[in-house]
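Quick look at what TrEMBL annotates:
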TRANSMEM  44-65  transmembrane segment
TRANSMEM  86-105  transmembrane segment
DOMAIN    103-392  domain 'FAE'
ACT_SITE  Cys247  active site
ACT_SITE  His326  active site
DOMAIN    409-489  domain 'Beta-ketoacyl-[acyl-carrier-protein] synthase III C-terminal'
ACT_SITE  His410  active site
ACT_SITE  His414  active site
ACT_SITE  His443  active site
ACT_SITE  Asn447  active site
Amino acid sequence: MNQGGVATTNGGSGSGSVGVRIQQSRSLPDFLQSVNLKYVKLGYHYLISNLLTLCFIPAIAALSIQVSQMNLDDLHQLWLHLQYNLVSIIICSAILVFGLTVYIMTRPRPVYLVDYSCYRPPDHLKAPYGRFLEHSRLTGDFDESSLEFQRKILERSGLGEETYVPKAMHSIPPTPSMAAAREEAEEVMFGALDTLFRNTNVSPKDIGILVVNCSLFNPTPSLSAMIVNKYKLRGNIRSFNLGGMGCSAGVIAVDLAKDLLQVHRNTYAVVVSTENITQNWYFGNNKSMLIPNCLFRVGGSAVLLSNKSNDRRRAKYKLIHVVRTHRGADDKAFRCVYQEQDDAGKTGVSLSKDLMAIAGGALKTNITTLGPLVLPISEQLLFFTTLVVKKLFNASVKPYIPDFKLAFDHFCIHAGGRAVIDELEKNLQLLPIHVEASRMTLHRFGNTSSSSIWYELAYIEAKGRIRNRNRIWQIAFGSGFKCNSAVWQALRNVKPSSNGPWEDCIDKYPVKISS
């Protein structure tokens, strides 16, 4: 769907943001023509989307006229006809009942999102620019060039002055020990889970499935075992710990929980998404490895999913689709975001020069796969027609870029960095309000890795924008290289849950972010 060159900035598993730029020549449009085309396109969309209904109207009208003209003799003859063909009717009825039974037994069970929570760190962990840079200087690990590089990244990142770093990074010198990393993980995960259980009135003993994802910190016992121990979860719980899967692992965790809920009946599943900064701070002078220090901040989320039919009444959303794109079979894609040691033996995440093209290809593949599942038929026909004309008749015809605003009401684009938000806004032709949640989440909380899409959804809820049957698109990028999407549908007008991350500051947003 894109043409020209594709470019990205830094991104992946613990490595900043991913941005995709599709280079196109854009000239100032003829506004009169643009307005006319807009209404023609809107009318075409309504016509094609309701084509089946429009075709049925004449058939229903003709049948109604025919039935209204029937008399008692006609009805008697119809009854005799049915009696003479009783065997055929019984066979057809049996086939119909059998088919309906098979359909009901094999159809996917609906997965409901009952509620979710996002961790809000305490104020003493805030890291304004001045304090961040001063602490970086006082560590003595960074040369002047690296300090200046970090200053420029912070200024251009889109982060505000109220993001959080873990307690170990506030010490001088920093104390990135295993004990401090465990403490950060416990505070984030338990903080989010305490709020979730309190808001939903669900007992931890009722949880049958637990999926935890954290890319860079994987102790023994695992993070999932830490949760089992803390909340004394039942002995037959099916727990999973996903590591090394980057910022898109939150969608992967939801997908795994969804598959497990198809097998295990009448069950709750909890998905915990976080990242751990304490032991993954880079103390070297390789500039590509310094970017995570500037962008990644403390955060985490906990999501309660259910396949219980009676939970539909209180659930916020229903899961519609999950689409996962993995480019790891390609060696360049596999190594484009790579955790390793620099020349001085200090560990960090390096970014390949091929990251730009690889991220763009993953995004293109994911959107191409998702499109037929969510786009109205009008958009699909336009895309298909343009593709046929381009392939068979005129190679110079520009590919048609589908209008995803016709498929989704709200967008939660991973707040990995300013570039990814800017480029997706431009190339998906989104409006500023569609990316407002992503920009404000990046500004207020920074890049919280796989949990950022939940802070964004919480922002939209806090603004009171989600209405019954609205569709939400969550999209995230991660190392490997991966691009994953989740589509949710609101089951009611959604209000924010108590103790949300935006509860005491939503009235201050949106804020203007300097360019």
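Including glycine, each Cβ sits where the backbone N, Cα and C put it.
Remember, predicted model here, so these are calculated numbers, not experimental data.
Sequence features, as recorded in TrEMBL, placed on the structure.
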| residue | record | CB count, 10 Å |
| --- | --- | --- |
| Cys247 | active site | 35 |
| His326 | active site | 19 |
| His410 | active site | 23 |
| His414 | active site | 33 |
| His443 | active site | 22 |
| Asn447 | active site | 31 |
Message = From the DSSP assignment alone, can you count helix, strand and coil residues within the domain 'Beta-ketoacyl-[acyl-carrier-protein] synthase III C-terminal' (409-489)?
response = 38 helix, 21 strand, 22 coil
Query = Hey, how far is His410 (active site) from His443 (active site), Cα to Cα, in Å?
reply = 19
Ask   = What is the pLDDT of the domain 'FAE' (103-392) when averaged and given as a whole number?
value = 92
Ask   = Between Cys247 (active site) and His414 (active site), what is the CA-CA distance rounded to a whole number of Å?
value = 8
Request  = Out of His326, His443, Asn447, point to the one nearest His414 (active site) in space (Cα versus Cα); all of them are active-site residues in the record.
outcome  = Asn447
Query = Do you know offhand how many angstrom separate His326 (active site) and His443 (active site) by C-alpha?
reply = 29
